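Visitor: Got a structure here, written out as structure tokens. Questions coming.
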Amino acid sequence: MCGIFCVFNYWGDTEAYRTRALELSKKLRHRGPDHNGCVIKGNNIMCHERLSIVGVTSGAQPLTNDDETLVLSINAEIYNYKLLQEQIKKPYQYKTKSDCEVIIPLYEELGVDAVKKLDGMFSFALLDVRSEKQRLIAARDPIGITTLYIGRNSEHPEAVFVASELKALESECDIIEEFPNGHYFDSETGKFVRYFNPDWWDAKRVPTTEVDYKLLRETLVKAVRKRMMSDVQFGVLLSGGLDSSLISSIAAREIKKTTGNPNSSMPLKSFSIGLPGAPDLKAAKTVADQLGTEHYGFEYTVQEGIDAVPDVIYHLETYDVTTIRASTPMYLLSRKVKALGVKMVLSGEGSDEVFGGYLYFHYAPTTDSFHTETVTRVQNLHTSDCLRANKSTMAWGLEARVPFLDVDLLQVAMNIDPKYKVCGANADGLMEKAVIRRAFDVEFPGANFTEDELKEGPYLDHDILWRQKEQFSDGVGYSWIDSLKEWAEAQVSDEKFAARATTFPHDTPNTKEAYLYRELFEKIFPNPACKNSVVRWIPRTDWGCSSDPSGRAQRIHANATV
């Protein structure tokens with residue numbers, strides 16, 4: 001992963017603006033500490049901050065074709081780049097071993113349709129000056145795993161700014177938007193075009209496909225395998241919950257099968273974090289012992305977490321309560337992981353949205369509403385868990401890859417009849433995410449394990465495979481959220497809170513904790529355009545759920561607060 005900052009059709013002296021552009025790009029250097037580059041073509045500036053994962057010694061960016069009429073600044077991992085290289089008809093002399101360079105000849109051959117061929121996580125800006133009519137193409141991956149923003153200056157509306165993070169645009173733009181996931185932007189039309197249109201994206205369409213547990217399992221295994229593409233040391237974020245444990249188990253199995261790769265030596269490294277005595281620390285150690293990983297469990301204190309919140313808001317660029325609660329321990333963990341020499345980790349984000357794993361899904365009034373909610377949550381992942389996973393890790397130059405959001409897995413999982421996904425009262429009390437648990441349960445007849453799989457033993461012990469969902473912000477220690485609420489209560493007076501609608505007429509905070517985060521956000525990002533890019537995670541109170549997004553606020557939780 002990397003950081004990009006690009007200006008298309010700048011109105012002034014571009015060479016004179018170069019120093020300023022490099023200063024703004026430097027604000028993203030935490031994302032790419034290994035190398036930085038800048039290419040100027042006419043009145044266009046393309047900057048890049050690189051974190052090298054594939055093609056470590058030769059992938060400096062921005063990337064160009066031979067005559068530099070195409071310039072690419074990209075933050076990406078393209079998992080099918082070797083296949084694409086084989087499919088491109090016209091011979092192309094690659095300058096690097098970067099997985100991203102394939103986009104240049106692919107664009108030469110297919111134009112804007114090139115983005116439809118990419119399997120990976122990506123955000124990029126591609127400058128095309130092959131003719132007098134210069135052109136900018138910018139795009140973001142289907143789900144929004146990577147972050148991207150687009151901005152304009154109303155005094156110079158002809159110019160377009162693109163950056164990986166809000167902070168690089170704040171001083172230059174008075175109009176800033178989060179770049180929509182699954183879209184590309186074409187300067188020729190000035191419009192966004194949706195290129196990702198799977199059948200399941202329509203939330204009103206309820207699928208009727210019978211579940212194929214074996215196919216579901218095999219597709220997730222393939223998703224993990226393709227994300228192990230790396231020329232550097234990697235590990236897994238292991239909370240001890242279902243999702244991270246499955247990813248860790250699959251990765252450990254794959255490493256055992258790998259020979260001749262010095263970066264794939266056993267054991268796999270795994271990492272967890274929590275307050276002293278946290279549920280996740282205990283659960284992660286149990287899973288690590290079963291899988292034989294080289295495990296690192298880190299503790300943090302409530303005060304260390306609270307001290308980090310302003311930095312978390314700076315890096316996450318949000319004031320959403322749910323995101324900040326979960327991002328703080330992930331931010332602290334990422335620093336420790338990077339200090340151990342690891343540059344990439346696998347993580348379990350996305351599963352709860354795809355399979356309806358949050359405890360509030362127990363209260364879905366109907367099977368159809370359950371399905372609609374899963375689609376909506378997947379569509380909005382770029383505003384919450386994807387944002388958290390990307391920015392919490394990239395704050396320290398650590399890349400997170402998320403197998404549960406693999407497009408092939410989504411095509412399988414989101415087309416399963418929701419009767420196989422529902423939980424609670426709609427499924428005779430069945431546990432959340434039973435469909436994926438069953439797919440990996442050697443005792444479940446419908447899982448259809450092969451003989452070779454059975455010889456390797458179970459992916460996870462039964463009690464781990466069927467552990468109740470624990471949200472990350474809860475699992476790191478039940479006192480974490482309670483302490484944040486107490487901190488906010490002490491910081492925000494009753495008088496301040498009573499005047500919240502006057503102070504914050506846009507997206508008015510509804511709790512003192514939300515007020516505190518909003519106050520910190522606007523101190524860090526005073527530009528009014530910044531708050532327009534934030535989307536809050538809203539609980540389903542219409543289903544009878546608590547307005548607090550914590551998993552413990554749901555009655556079904558084993559340690560519920562209600």
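Placement of Cβ uses the backbone N, Cα and C atoms for every residue, glycine included.
Note that the coordinates shown come from a computational prediction; the quantities given were computed from them, not determined experimentally.
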Visitor: Say TrEMBL lists Leu237, Ser347, Gly348 as binding ATP: which of Ile273, Ile306, Ile313 is in the same site, per that record?
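Guide: ATP site check in TrEMBL: besides Leu237, Ser347, Gly348, the record includes Ile273 out of Ile273, Ile306, Ile313.
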Visitor: If you skip the near sequence neighbours and keep only those at least six away, which residues in the chain come within under 8 angstroms of Cys2 (active site, for GATase activity), Cβ to Cβ?
Guide: Arg31, Gly32, His48, Glu49, Arg50, Leu51, Gln61, Ile74, Asn75, Ala76, Ser164
Visitor: Averaged over the whole of the domain 'Glutamine amidotransferase type-2' (2-190), what is the pLDDT?
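Guide: In the predicted model, the domain 'Glutamine amidotransferase type-2' (2-190) has a mean pLDDT of 95.
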Visitor: Taking the Cβ of Ser347 (ATP binding site) as the centre, how many other Cβ atoms fall within a 10 Å radius?
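Guide: A 10 Å sphere around the Cβ of Ser347 (ATP binding site) contains 25 other Cβ atoms.
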Visitor: How far apart, in Å, are the two Cα atoms that lie farthest from each other among Leu237, Ile273, Ser347, Gly348, the residues recorded as binding ATP?
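Guide: The widest Cα-Cα gap among those binding residues is 15 Å.
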